[in-house]
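Student: One structure is given below, represented as structure tokens, and several questions about it will come after.
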Amino acid sequence: MDLPASEEPEAQAPPPGLRTLLPSREFLCSRKGQLLLAESVLSFITFICYIASSAASFMMAPLIEFLLALFLFFAYSSKLNEKFKGIYWPLSDFLRCVTAAIIYFAISIAAVSKYSDGASKAAGVFGFIATIVFAVDFYITFNDLVTFLKQGGSENATETQKSEDEASDSDSD
């Protein structure tokens with residue numbers, strides 16, 4: 001049975017239901033997207049390892065870092081950082097990465113040296129890997145912050161110099 005051209009089913013885009021929660025391919029392929037995804041995955045694996053180990057007292061740090069990385073992953077992918085200008089997103093991300101790297105390093109050393117079960121050792125190893133990923137992220141974020149501040153500082157300096165030049169010209173008349 002042939003349908004008339006007006007009644008043929010067209011290839012329609014899927015409805016926007018759960019698809020809106022998924023990050024875009026561009027963000028997943030970006031450096032920041034890959035780092036946040038790696039941080040989330042490593043934090044979750046470390047959290048699971050700490051739950052299964054005798055070092056369960058360390059499970060709160062990976063859980064918090066997992067939730068923060070997951071929040072920032074979806075915030076950056078849905079462009080919340082462009083909608084909410086009240087938060088300085090790169091600085092908050094930098095502080096999150098610095099504290100996460102320090103905390104992961106400390107609890108990984110404690111887990112590997114103090115506890116002898118396999119899950120604690122695995123959590124320590126994944127914690128060291130997470131430390132490296134968080135350190136790479138805060139290094140990249142720090143470089144972005146420095147270039148932003150240098151650009152902002154030079155613009156402010158030229159604006160100040162222009163206003164001083166205008167003020168000195170008006171006084172000489």
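Each Cβ is built from the backbone N, Cα and C atoms, and glycine gets one as well.
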Student: To which of the residue ranges 57-76, 97-116 does TrEMBL assign the term transmembrane segment?
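Tutor: Matching range for transmembrane segment: 97-116.
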Student: Taking the domain 'MARVEL' (27-146) alone, what is its mean pLDDT?
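Tutor: Here the predicted model's pLDDT, averaged over the domain 'MARVEL' (27-146), is 90.
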